[in-house]
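A.B. asks: Copied straight from Swiss-Prot:
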type	residues	note
SIGNAL	1-23	signal peptide
DOMAIN	36-82	domain 'WAP 1'
DISULFID	Cys43-Cys72	disulfide bond
DISULFID	Cys55-Cys76	disulfide bond
DISULFID	Cys59-Cys71	disulfide bond
DISULFID	Cys65-Cys80	disulfide bond
DOMAIN	83-133	domain 'WAP 2'
DISULFID	Cys90-Cys120	disulfide bond
DISULFID	Cys103-Cys124	disulfide bond
DISULFID	Cys107-Cys119	disulfide bond
DISULFID	Cys113-Cys129	disulfide bond
Amino acid sequence: MTLRRGSCPLLLFSLVGLLTTCAQEPDAAGQNTTAVAEKAGTCPQAELEMPDRNCTEACQSDAGCEENKKCCRTGCGTSCQIPDEKPGSCPNVDTPIPPLGLCKTTCSKDSDCSETKKCCKNGCGFMTCTTARP
């Protein structure tokens, strides 16, 4: 192959255009390959048996969801959902005597708790909504 004079800039511009196009191509999941910050928490488990299945692709990534909601699979689509697990960790429960009035289960997962509270062990074998440690 012989290159004619003046053809190198054309070749260079073609390569730059190709690299720019490849960098913006969506990946196999249909999301852009540029990194988008993922929000904290884990998506609720998608229900496999749903009578009226919602197959709508309501979001592409967590960035498309408001507040602390995450873009989660719904069985055959996606939707913005409140995550099961919230950021932070449960406080240590080291009391030899369990706190009065808290010996009952009030939650089973973080999404059962309001705002930033987490579902944690309460010292007497049950789970309750507690303020999380950072």
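The backbone N, Cα and C atoms fix where each Cβ goes, glycine too.
Burial and contacts for the listed features, if you can.
C.D. replies: Over all protein chains present, the Cβ of Cys72 (disulfide bond) has 23 other Cβ atoms lying within 10 Å.
Note on Cys76 (disulfide bond): other Cβ atoms within 10 Å of its Cβ, all shown chains, come to 13. Under the DSSP three-state reduction, Cys76 (disulfide bond) is assigned to coil, being neither helix nor strand.
Taking Cβ-Cβ distances under 8 Å and a sequence separation of 6 or more, the neighbours of Cys59 (disulfide bond) in its chain are Cys65, Cys71, Thr78, Ser79, Cys80.
When Cβ atoms from all protein chains are considered, those within 10 Å of Cys65 (disulfide bond) total 21, not counting its own. In three-state terms derived from DSSP, Cys65 (disulfide bond) belongs to neither a helical nor a strand segment and is classed as coil.
Take the CB of Cys120 (disulfide bond) and look out to 10 A: across all protein chains shown you find 22 other CB atoms.
Note: Cys103 (disulfide bond) has non-local neighbours Asn122, Cys124, Gly125, Phe126, i.e. same-chain residues 6+ apart with C-beta under 8 A of its own C-beta.
Secondary structure at Cys107 (disulfide bond), as computed by DSSP, is coil.
Over all protein chains present, the Cβ of Cys113 (disulfide bond) has 20 other Cβ atoms lying within 10 Å.
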A.B. asks: Using other CB atoms within 10 angstroms as the count, which residue among the disulfide-bonded residues Cys55, Cys90 scores least?
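C.D. replies: Sparsest of the disulfide-bonded residues Cys55, Cys90 by Cβ contacts within 10 Å: Cys55.
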A.B. asks: Select one residue from Cys71, Cys80: among these disulfide-bonded residues, choose the one with the most other Cβ atoms within 10 Å of its Cβ.
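C.D. replies: The most densely surrounded of these disulfide-bonded residues is Cys71.
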A.B. asks: List every residue in the same chain as Cys43 (disulfide bond), at least 6 positions away in sequence, whose Cβ is under 8 Å from its Cβ.
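C.D. replies: For Cys43 (disulfide bond), the qualifying residues are Lys70, Cys72, Arg73, Gln81, Pro83, Asp84.
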A.B. asks: Which of the three DSSP-derived classes (helix, strand, coil) applies to Cys119 (disulfide bond)?
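C.D. replies: Reduced to three states, the DSSP call for Cys119 (disulfide bond) is strand.
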